[in-house]
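I have placed the structure first, in the form of C-alpha cells, so that the comments after it can refer back to it.
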Amino acid sequence: DETGAYLIDRDPTYFGPVLNYLRHGKLVINKDLAEEGVLEEAEFYNITSLIKLVKDKIRERDSKISQVPVKHVYRVLQCQEEELTQMVSTMSDGWKFEQLVSIGSSYNYGNEDQAEFLCVVSKELHNTPYGTTSEPSEKAKVSYDML
C-alpha cells in the first residue's frame with residue numbers, strides 16, 4: 001500500500017509456528033497441527049533451515065508410527081488328515097499357517113486310522129486411525145470356525 005506494507009494472504013494457522021521460529025529460532029508445533037501444513041508455509045517463504053527442521057520432525061513422527069508392534073490373532077483348528085490340504089489351500093483374508101500338531105488318530109473307519117491334527121493359523125491385526133483394530137471378515141470367521 002501507500003505506506004509500503006505488504007499483504008500476504010496465507011493461512012494464519014500454519015503461519016504461527018513459522019513466525020515463532022523467526023522470532024526465537026526454535027520450532028514449536030502444536031500437537032493438533034499437521035507438520036505438512038507448516039512445511040508448506042516454510043517452503044512458501046523459502047526458509048531453508050526451517051524446511052529442514054520440519055522435514056526432520058515429519059521423518060521422526062513417521063518412524064515412530066512404523067515402530068508400533070504388530071498384533072496377531074491366532075486360531076487353533078482341529079482337522080483330520082484328509083482335510084489338511086483343503087484347509088491350508090483355502091486360507092484367505094490374510095490368514096497364514098503357523099504350526100501343525102499331530103494329536104494321534106481317534107477315528108477308525110474300517111481298517112484305516114484317520115490321523116488328527118491341530119492346525120495353528122494367525123492373522124495380523126492392523127491399527128486403524130481411530131485406535132481400533134481391524135477384525136477378521138465374516139467370511140474368514142465362518143470358514144475357519146466350521147473346520
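Heads up, the Cβ atoms here are built off N, Cα and C, so glycines get one too.
Taken straight from TrEMBL:
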type	residues	note
DOMAIN	2-50	domain 'Potassium channel tetramerisation-type BTB'
Confidence summary for the domain 'Potassium channel tetramerisation-type BTB' (2-50), mean pLDDT rounded: 92
Secondary structure tally of the domain 'Potassium channel tetramerisation-type BTB' (2-50) (DSSP, helix then strand then coil): 26 helix, 0 strand, 23 coil
